[in-house]
Ligand code: NAD
């Protein structure tokens with residue numbers, strides 16, 4: 001079984017358990033376990049050398065009972081059907097947890113954007129939108145950026161959809177640049193959302209963020225912003241890691257310098273002679289551990305070494321079910337991915353609302369509204385977990401799936 005299938009299976013298992021806890025039967029699980037619609041498209045693209053290459057793309061629309069589906073588009077050689085389906089289900093959970101009027105969606109194209117010119121990427125982006133245009137839109141399915149897609153790609157997609165529909169369809173897609181209807185605060189939203197859940201968790205665990213020790217796996221978009229925000233709040237970032245190496249300083253790393261170096265060089269750990277093997281990040285003494293890189297990183301092999309009291313899953317699927325069991329038994333508080341990384345889709349929702357209103361909010365207002373959503377989501381899930389003696393992940397699934405299941409039942413779908 002592949003890693004992707006493992007992720008799908010474990011997502012389905014927890015969803016089934018959550019539905020049973022809510023009193024729904026297997027009929028509801030049959031409805032929810034797969035996307036209601038799954039598109040596979042073939043996109044021919046004229047390459048710069050004059051040849052035509054045909055790319056395969058997918059779009060999963062998990063469930064639209066509570067509103068349009070919403071979720072990113074990934075450009076990556078490893079994109080595959082099972083993963084796109086699972087990610088669309090996770091988006092339903094994230095939207096349910098933060099009480100957004102959306103179901104989950106996800107898209108992907110099998111391609112290697114690092115090997116393609118800007119012109120080729122533009123033609124691919126436009127071709128993909130043309131292929132799915134009848135099935136997406138501001139009222140039905142709203143895409144966003146994901147791995148290796150960015151505001152420029154969102155702009156081409158918005159422009160293509162607008163041409164097809166002969167109007168400026170800003171609300172068709174989120175993660176756009178500010179000049180094209182993007183929202184203030186969108187680029188830091190995932191990180192800020194994760195930090196807000198960490199703040200709430202530290203209150204429950206009687207840990208003072210000021211002076212707390214934090215280790216972060218991954219120093220990319222999510223990880224570097226999380227490091228910066230926590231550092232500015234007075235936390236000590238004692239370790240960070242990237243694809244090859246890690247940095248460790250029990251007295252705290254110079255985060256501002258690391259962020260500067262990242263802007264200049266892309267990566268930072270290779271610039272230091274005293275870097276350590278990346279695997280050692282999980283062994284360092286710390287209060288808070290933030291996996292912000294890949295899935296399946298915390299496993300039964302390394303869970304015993306972890307010293308943190310709180311784990312905030314900024315990455316999607318970083319902890320295996322076995323590791324979750326081991327850590328929960330030890331009393332470690334795991335803030336599950338569907339909660340800790342829900343800040344991005346929350347501010348995407350704000351972007352869509354602003355596009356529909358034609359009225360744009362200052363960054364302080366966006367951040368305040370994000371805080372309200374994340375604080376409420378964290379505390380509802382924490383209290384549910386305590387009251388019903390569940391781990392935080394199951395409690396997050398219970399909250400995340402509740403509205404979609406209820407709305408599906410009212411509609412007579414199951
Ligand atoms: P990114 O590509 O910007 O950064 C990934 C980072 O992980 C890089 O610093 C890379 O060096 C590091 N990395 C890769 N392999 C590693 C390894 N084996 N050990 C240690 N570090 C490693 O990606 P990102 O946008 O920061 O996303 C990170 C995670 O957060 C992903 O799981 C993503 O799905 C999730 N996420 C991101 C967002 C967002 O808005 N950026 C939203 C929701 C979830």
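Even glycines carry a Cβ here, placed using N, Cα and C.
TrEMBL does not curate its annotations; it predicts them automatically.
Together with 70, 94, TrEMBL lists one candidate of 295, 348 for binding substrate, that being 348. Proximity to ligand 1 (Cβ under 6 Å from any of its atoms) holds for these recorded positions out of 70, 146, 221: 221. Summarising the substrate site geometry, the residues cited as binding it (70, 94, 348) extend over a maximum Cα to Cα distance of 12 Å. Take the CB of residue 190 (NAD(+) binding site) and look out to 10 A: across all protein chains shown you find 23 other CB atoms. Excluding 70, 94, 348 themselves, the residues of that chain whose CB lies within 8 A of the CB mean position for the substrate site are, in sequence, 71, 91, 95, 100, 102, 104, 144, 174, 342, 344, 345, 346, 349.
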